[in-house]
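The structure appears right after this line, and notes come after that.
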Amino acid sequence: MASRQSQKRLTKEYKAITLNPPPYVSAKPNDENILEWHYVITGPPHTPFEEGQYHGILRFPSEYPFKPPSISMITPNGRFACNTRLCLSMSDYHPDTWNPAWSVATILTGLLSFMTGDESTTGSITTSDNVKKRLARSSKEWNNAENQRFTKQFPDLVAQNKVDVAARNAREQAAATTDSTDPEKPFDVRENIDSLDPEDRARLLVEQDDHSTPSFGVQRFTLVGVVVAAFIAAYFNFFSRT
C-alpha cells in the first residue's frame, strides 16, 4: 500500500511525464495500484530496436522516493529476459546508489540508454541484431495478441497498433507485387546491339547519351564504320589519281 508521501510523489510525476514525456518513452500508473507503473518504450531510429514497442513494469516500494523500484520488461526484445528483474544502478538491485531526486522519467531514460548499449547485467541477454530487428517488427502484434496487461493498460495503443500493422503489411504486399512483376526496362545498347539489324543499330547509337562511355559492342560497331569509311576514301583516292 502506498504511503502518503509515495502517493503524492507519484501523482506529481504522472502529471509531469504526461505533460512532458521523454523521447521514445511513455508511462502511466496502474489504475488500481499507483505503486505499479506500466511503461512503453518505442525503439529509436538507427538501432536494432527501431519501430519496436516494448512494454514493461516498474514496481515502487511504499518508501518511494527513498527506495528505488524494480524494473522488468514484458515484450520480447532480444536485450533483456522477459518478466525478469533488471540489475541497474537505478533499480532495487542497488539501493545504495539510488538518488531520491530521480524520477520515473529519469529511470526510463536510463533504461532506454542501457537497452541500446551492449553492457551486460543481471537480466540482460545476448542476441544478434537480426534477432532484435525481427522481434521489433513483431512487437506490436505480440503486444496486441499475447500481452493482456498491455491491452488492459493501453487500449489506445492497441487500436493504433492495428492500424500501424495493417498499413505496414499493405506496404510490404505492394512492394512484393511490384518486385514480382517484370517491368519493361530501358533498352540497353551494350547488351543488345549485336542482335539488331544495321538500321536499328544506327538509330540507337544516335540516341545514346553523348557523355556516356561507349560499351564494347558500340566501340566494335564504331570501329567497323571507321574502317569501312577509310577503305572507301582510299578507293576513291586511288581512282582519282588514275
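Every residue, even glycine, has its Cβ placed from backbone N, Cα and C.
Note that the structure is a prediction, hence the values are computed from the model and not measured.
According to Swiss-Prot, the topological domain 'Cytoplasmic' annotation covers 1-220, on the basis of sequence analysis. Confidence across the topological domain 'Cytoplasmic' (1-220), taken as the mean pLDDT and rounded to a whole number, stands at 89.
The feature domain 'UBC core' is assigned by Swiss-Prot to 5-156, with sequence analysis given as support.
DSSP assigns Cys87 (active site, glycyl thioester intermediate) to coil, not to a helix or a strand. The C-beta environment of Cys87 (active site, glycyl thioester intermediate), restricted to residues of the same chain at least 6 apart in sequence and closer than 8 Å, consists of Tyr93, His94, Thr121, Thr122, Gly123. If you look up Swiss-Prot, you'll see Cys87 marked as active site, glycyl thioester intermediate, on the strength of sequence analysis.
Residues or ranges marked as region 'Disordered' in Swiss-Prot: 170-190.
For 221-240, the entry in Swiss-Prot reads transmembrane segment.
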